[in-house]
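Let me begin by presenting the structure, written as C-alpha cells, before commenting on it.
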Amino acid sequence: MSAISPDTKSFAIPTLADEGSSSKPASSLDLPKHESIRFKPIKTLASRIDGSEYYDEASMEKVMEMLEIGRTDEAVAYADTLYSNIIDDEQQDIVTIAEYVKILVVLRQWRRISHIIARGNYHQIHIVFAYYAATALFQRKLYEDVAELSVGHLLPSNGQIGPLPVRTLSQVTGRYVEEERMKYSFANMAELDNSSKKLRMVPALMITIAESFLKLMNRDAAMICINYALSLDNTTLHVERLMAKYNLVEPAMWEKYRKVRNEQLKLHEGNHDPRILMERAQRAYEMGRFRETKKITDELFDLFGPHPECIILRIHCLTMLKDSRSLLELGHQLVSDDPHIPLPWYCVAMYYYSIGANSRARNFISKCTMMDSTFAEGWVAFGHILHYEVEHEQSMSCYYRASKLVDKSSEPFLYTSLQYSTHSQKLSKKFMGEAVARAPNDPLIRHEEACVAYTAKSYAEADILFRTVLYMVTETDEIIPIEEVLKKKIDDFWHPMLNNIGHIARRQGRLNEAIMFYQKAIRMEPKFVDAIASTALCYAVLGNIDKATEFFNKALAIDPFNETIRQCLSKMIQASKESYSVDQQTLPPAYNSETYFGAQEILPYCAIRKPRNDGFVVPSIVSSSQPFMSMLRDRLRRQDQLYAQEPDNDAGNQV
C-alpha cells in the first residue's frame, strides 16, 4: 500500500515571498506584502460595552498582527474593512483585489474566494485569479467545476504537448473578456504578470486541474496536464508527490527512481528532515521491517508532531504489528481533529480490523470510501475485510476498483491473484504476472508469487523465488552460503517465508536443511506451531524418534486440538512399533498388562485435555495406543498355549 495521505491539503500554494531567480519549488504561502499606497489605514468609530466611544483602526499591519497570534476571525474582519474601502472606486485596482484574495487564501476562506472571483469573472481575466479560483473549488471538493473552468486562453501555447483538456472561451465571450481587460491599467496587468511568473502560477494551476481530473478518474487528461506543468517547471515538489500518490510513474522509471533515492538516503544518515525520515520509513515498510518503521515514525511524530503525510504509513505499520491500542489512540485523535475527511475513519476501520471485529470494520471502511470514492487504500482495505467475511466476489470488485484508481500499483493485482489462487491457477498466475511487472523488486510480491507456485506444485520454481526473497530481505548477494544468510537479523514478519523454504526443502528430501530453516523460524516466533510440528516430522523421517516426540509434544502443548499434528504423531508411533519385533522378547508366564501399564493412567483421547501452564505432555510410545496392547495379549495367549503343550511332550518322552 502507498504511504502519502490522501486527505492532506494536497494542492500546491506558491509562496508570495521574494524568490528572485531561485528555482526552488514553492510549497507554502507566506503573508502577502503590500505597498503603502494600497489598503490605507481606515479608522472606524466603535463603542465599548460601557457605552464609551473610540476609533478602531484597520490596517495591513493590524491584519498581520492578528495572523501572527492566530486570531483569524479578527484578521478577516480587518481585511474586510480594508476591502470595503475600494469597492466603490470607479476604476478598481485589480492588484489590490488580488492581494485581498491572497489574504483570504491564508485564512482558508474558500467559499468567499470563489464568490469574489466569480462576481467579477476575474478568473477569465488573469492567470492569478484563475489559479486561486481553481484552488478554492478544489478545496471545496467541486472537482467537476475545476475541470469546467474556461482558462485555456490564459495558458501559453506549447506545441510539444498537444491540445490540453482545458476549456477555452468562445469567440463572443472572448471579445467580452478583452473589453473587461481594457478597464484595468497596463501597469496593473503587468504587475500581475510579474507576480504570476515569479510564483510560477501556470504550472501550479495545471497541477490543481490535473489532481481534479484524478479525483474524477480521468488519468489520461491528468497526465497531459502534468506533462504540460513539467514542461514549464520541472522542479515542482508537488508533482513528485502527486505522481507517487496516484502511481502515475511507469514501473521501470519508478524502480530507477527508487534505486537512486535509496543510494541518496545513505548520505543522509542522522538527518531529521521529515522528507528523509518518511522515505526511510517507507523503505523499511516495503522490506517488511515494521518495527523499524514504527521507530522512525515515532521519531518523526516526536519532532514534528502528527505529520499529515506520514499518518497513513503509520496506520499501515500499526496494523501490520497488530498494535490495536496505538491504532485506537490515533483514531480518536484524528476523528476529534477533523471528522469530515476519510482518513480518520480509515484508521478506525483498521483498528477494528486488527482486533478481528470485521463487521464494525466493514461499516467504517464503507463510510470512508463513501466520503472519498478515489481513496485507493480504502478500497484495498475494503477488499481485505470482505475476504475475511468470505465474500470473495465483492472482495475482488474492491480490488478491481482500486486498480482503476492506481493502475500502475501492484497491490490490487497481487490481492486479486491471491483470491483466484484457490480455484483458478491460470487467472492467479495472470494477475500475479501483472503485479510482478509493476514491482519486480518488492519482496512481498515475490513471496506471494512463490506461494502461488507452491500451490501449483511447482516446487523448484517456488524454491528459487523464496530464496530470492530471502536475499532481498537480508540485502545479501546470492553467492553467500545460506548458513551465513540465516545468521543475519531478519524481521519477525518474515518467519512464514523461512517456514515455507523449509517445507520445500523437506519435500525435496533435504531434511537437515529444512530443520535449519524451521529452527530459524522458531527462534523468531517461539510459538510457531507449524514450524515446530514440521521439525518433528523431519526428525521422525530421519529416525530420531526422541527428538520427534519432543517437538510433537511442544506443538501439542501450544495447540492441543490440532488434528493434523495428532495424526502425524500417531503414524510415527505406529511406524516405530512396526519396527520393534515383539516376538523376539521373552515375557514371564504370569504377565499382567494391567500391572505394568495401569499406573500410567492411559487416556484414550488424551488430546482433549486442557493444556496446563507447564505444558501438555503426550503419553509415551508404549502406553499411547491400543493396537500395541492387542499385540501383547496375542503374544501372551500364544505363550500360554506353548506352556500347556509342554507337559504332554514331557510325558511322551518319559514313556
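Cβ coordinates come from backbone N, Cα and C, glycine included.
Annotation comment: Swiss-Prot describes 1-30 as region 'Disordered'.
According to DSSP, the repeat 'TPR 1' (44-77) comprises 15 helix, 10 strand, 9 coil. Annotated repeat 'TPR 1' per Swiss-Prot: 44-77, in sequence order.
Sequence annotations record features per position, and here Swiss-Prot assigns repeat 'TPR 2' to 203-236.
Beyond the ends of the repeat 'TPR 3' (342-375), by six or more residues, the same chain brings 5-7, 214-215, 217, 311-312, 315-316, 318-319, 322-324, 327-328, 330-331, 334-335, 381-382, 384-386, 388-389, 405 to within a C-beta distance below 8 angstroms of the stretch. The repeat 'TPR 3' feature in Swiss-Prot is assigned to 342-375; the stated evidence is sequence analysis.
Long-range contacts of the repeat 'TPR 4' (376-409) within the same chain, counting only residues at least 6 positions beyond its ends with a Cβ under 8 Å from a Cβ of the stretch, are 1-2, 6, 217, 219, 246-251, 254, 312, 342, 346, 349-350, 353, 358-359, 361-362, 365-366, 368-369, 415-416, 419, 438. Swiss-Prot lists 376-409 with the feature repeat 'TPR 4'.
Annotation source Swiss-Prot lists repeat 'TPR 5' at 495-528. Note on the repeat 'TPR 5' (495-528): its mean pLDDT in the predicted model is 91.
Under the heading repeat 'TPR 6', Swiss-Prot lists 530-562. Across the repeat 'TPR 6' (530-562), the DSSP tally of helix, strand and coil residues reads 27 helix, 0 strand, 6 coil.
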Q) By DSSP, what is the split of the repeat 'TPR 4' (376-409) into helix, strand and coil residues? A) 27 helix, 0 strand, 7 coil
